[in-house]
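Just below is one structure, and these are the notes that go with it.
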Amino acid sequence: MCSSDINGRPVLQPACNRVPLLDRCNSLKKGSRKSSSAPLQPLTPSPNPKNKPSLVVTPPISPKLKSPRPPAIKRGNDPNGLNSSVEKVVTPRNTSSTKSVVTSVKKSKKSGGAGVVAPNSVDSTSSSLKLASSLIVEAPGSIAAARREQVAIMQVERKMKIAHYGRTKSAKYQGKGVPLDSNSASNNIATVREEKRCNFITRNSDPIYVAYHDEEWGVPAHDDKLLFELLVLTGAQVGSDWTSVLKKRKAFRDAFSGFDAETVSKFNEKKISSICADYGIELSQIRGVVDNANLILEVKKAFGSFDKYLWGFVNHKPIVTQYKSSHKMPVKTSKSEGMSKDMVRRGFRFVGPTVMHSFMQAAGLTNDHLTTCPRHLQCVALASQLPTVAPAL
């Protein structure tokens with residue numbers, strides 16, 4: 001055994017492993033030529049403070065293996081080529097067979113008019129058609145062609161549905177729809193009429209609410225008692241719904257003497273308590289109605305009537321909106337905010353911007369019927385028939 005320094009450290013090695021430096025380098029060079037073509041890095045002697053022979057051999061670098069991924073195929077200048085890196089497999093077209101089929105069909109159409117093909121050519125035509133269909137599928141751009149055909153079929157079906165359910169008298173699609181029974185036709189007409197109303201009127205709506213929509217909502221009101229009644233009902237609607245308020249409408253009329261402002265303004269505390277007990281109306285609401293009745297009398301002295309005062313905010317002409325959906329109706333507008341601000345300044349109660357907007361809809365100051373609702377044009381016609389209110393001087 002002998003000791004040698006490798007990388008500055010003493011290492012025990014057998015004497016047989018000691019090979020001269022020159023012989024070892026030659027053997028390594030010969031082995032590297034036989035094993036691989038990659039050159040090995042030369043041996044670099046490490047610094048040895050004791051001047052003893054030592055070798056530092058760096059491991060050979062493994063040769064780079066070729067990537068198993070196939071090389072990319074260059075795309076040609078084919079305008080109909082698909083946008084993919086996969087090789088295109090295009091079956092050669094048998095143009096002669098397809099041309100012969102087309103010519104034979106044309107000749108048969110010219111001769112017989114029905115396009116009959118000879119029996120002996122049926123097999124050839126079927127095989128050629130199969131070949132043509134396979135070529136269409138495999139040809140570039142077939143996906144787009146199939147999509148265009150699908151869209152065309154959908155458009156035809158849509159037109160037929162429109163012709164059947166909408167324009168039933170269309171000459172182009174007359175007779176193509178499925179015949180309907182009389183009962184189903186009447187049901188469809190009824191549903192169409194219901195759908196033509198405003199969106200908040202549904203099949204489950206209460207009949208009293210439907211009647212209110214069809215007869216009163218949006219109709220211009222110019223009677224002081226009716227305006228006072230609608231103002232009270234709109235204030236009572238806060239925290240409730242119109243159906244519940246309309247069902248109590250007769251009780252409100254009996255409690256407040258037909259909404260005569262002069263009579264209601266003379267209610268004392270005993271009368272207010274009796275109304276609360278008999279009709280189940282809250283005390284705060286009754287007191288608010290009595291206060292509003294006193295203020296209406298003051299407005300009559302200043303403007304001549306309560307009607308002139310209210311319609312003055314819209315320049316004595318109803319506002320006609322063009323809403324196509326009830327979801328787009330605002331809960332308040334600039335007009336309702338201005339009206340609310342002035343009435344609050346005068347001392348009116350339960351006259352917030354949202355309440356006043358609902359009051360304007362109920363009293364016909366604004367026509368918020370949807371454009372699809374038949375009442376939209378009817379309310380416009382009613383507004384044009386009524387005499388315009390002259391502004392107070």
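Backbone N, Cα and C atoms are what each Cβ position is placed from, and that goes for glycine too.
Source: prediction; values computed, not measured.
Annotated region 'Disordered' per TrEMBL: 28-123, in sequence order.
According to TrEMBL, the compositional bias 'Low complexity' annotation covers 95-105.
Residues annotated as Zn(2+) binding site in TrEMBL: C198, H213, H369, C373.
Listed in sequence order, C198, W217, G218, R375, H376, C379 are the same-chain residues at least 6 apart in sequence whose CB falls under 8 Å from the CB of H369 (Zn(2+) binding site). Long-range Cβ neighbours of H213 (Zn(2+) binding site) (same chain, at least 6 residues apart, Cβ-Cβ under 8 Å): R197, C198, I201, R375.
Counting only residues at least six positions away in the same chain, the Cβ atoms of K196, R197, C198 sit under 8 Å from the Cβ of C373 (Zn(2+) binding site).
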